[in-house]
Amino acid sequence: MSVSRRVIHHGLYFAVLGPLIGVLFLVLYIFFAKEPLVLLVIIQVLPLFLLLSITTGAIPALLTCVMVACLPEKIGSQKNYRCLAGGIGGVVITEIYCAVIVHIKGMASSELFENILSGDSLVVRIIPALLAGVVMSRIITRLPGLDISCPETDSLS
């Protein structure tokens with residue numbers, strides 16, 4: 001499969017599922033690390049929480065998918081190396097993205113958004129990015145749409 005086809009396939013899944021997986025792990029982290037009552041507050045504002053996670057997580061997830069799709073065959077074909085690269089890439093790309101957003105200050109106009117992007121909430125950004133990168137890198141080859149036949153190349157062989 002060509003790199004461009006892998007980028008498109010991975011991009012759709014990473015951008016949609018990546019932030020949602022991150023939210024799932026973040027909610028579990030808050031439930032077990034903090035008081036469970038905090039989870040009730042999050043459930044009350046879950047639509048805003050999901051929107052915030054997608055706005056802060058879709059672009060890093062998309063960039064992580066491009067990185068995973070462009071891995072050399074030797075690394076990309078082995079699950080463990082692909083998961084390691086996806087997890088590290090997810091963390092690094094998310095931190096770079098958040099640093100750029102904080103410096104631009106264009107998107108960080110609200111107090112809630114600014115608190116999430118501040119250095120105080122490093123764990124809140126790193127854990128979901130790491131786990132979403134690992135999980136998505138692990139399951140991306142099993143998701144439908146990867147083995148799409150192309151009529152132009154099928155007729156040549």
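Backbone N, Cα and C define each Cβ position, glycine as well.
Per Swiss-Prot, the topological domain holding Ala33 carries a different name from the one holding Ile140, which places them across the membrane from each other. With DSSP classes pooled into helix, strand and coil, the tally for the topological domain 'Cytoplasmic' (58-83) is 21 helix, 0 strand, 5 coil.
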